[in-house]
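Record features, source TrEMBL:
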type	residues	note
TRANSMEM	29-52	transmembrane segment
TRANSMEM	72-94	transmembrane segment
DOMAIN	94-211	domain 'VTT'
TRANSMEM	106-131	transmembrane segment
TRANSMEM	160-180	transmembrane segment
TRANSMEM	219-239	transmembrane segment
Amino acid sequence: MDDVNKREKENIKENMSAGEKRAKKWNTILTIAKFAVLIVILIGIPAYIIIFKQDVITQFKSLDEATNYLRGYKKIGAIAYIGAQILQIIISVLPGQVFQVAAGFMFGFLPGLVLSLTGAILGSTITYYLARFLGADAMKLFLGQDKMQYFLERLNSEKAYVIIFLIYLIPGLPKDLVCYAAGISDMKLKPFLILSTVGRIPGMCGSLLFGVMYLNKSYTGMIVVGVICAIILVLCLIFRKRLTGVIDNIYKKISE
């Protein structure tokens, strides 16, 4: 009787072990499949656009072309602009700044700023969770638990948030890929979203004011806006230590 019970327990254990192996195998396959989808979004689609659909990029390189695109949607121009902002963040090769200038031209400064921030927040949030769902498990699989934990600790530190803020603040730096890095790294959404959005604002304001000045044919004003943006950038570089301290304090408050 004892031998029978022992064999039954061994069979149950073997069946459970086989079931766990199958589950682990399918989880691994699903993780790799999700990561493949992320690679397609992150690299495949941009590469396809650059190689085969360059007109998608070039047709929005001028202010007139971007403005005509928004005007083509007439009453839903604001929604079209928000959609363009979101898409530009998800597919990072699409031009974004020229649309912000067009928004200043089309909607004015304050409405354009509200629409720009709305699109940026929605686009960043979608991209963040897209990366989290598709890529986080794959990073754990490829890096291993120990290396992944080290990676998470570094990217969820005060210093990392300072770097992120500066990336979004300084014009010309590639920003939108940071959303994917934040999502994959398990970085907290709230402080990331606040610091990245605040960092975007000066550049957005400059682009929108360019559009407003262009509408009013105030070319002197456009030069002034450009000079002010350059001065702000230089001041940020000069007082970067103080700025870092301010960002550290903000991080501590919003991450509590």
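Every residue gets a Cβ built from N, Cα and C, even glycine.
TrEMBL annotations: computationally assigned, not manually curated.
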Among 72-94, 106-131, 160-180, which stretch has the highest count of C-beta pairs below 8 Å with the transmembrane segment (219-239)?
160-180
What residues elsewhere in the chain lie close to the transmembrane segment (160-180), defined as a C-beta under 8 angstroms and at least 6 residues from its ends?
38, 42, 88-90, 92, 96, 123-124, 127-128, 130-131, 135, 154, 187, 191-192, 195-196, 198-200, 202-203, 206, 229, 233, 236, 240, 244, 247-248, 251
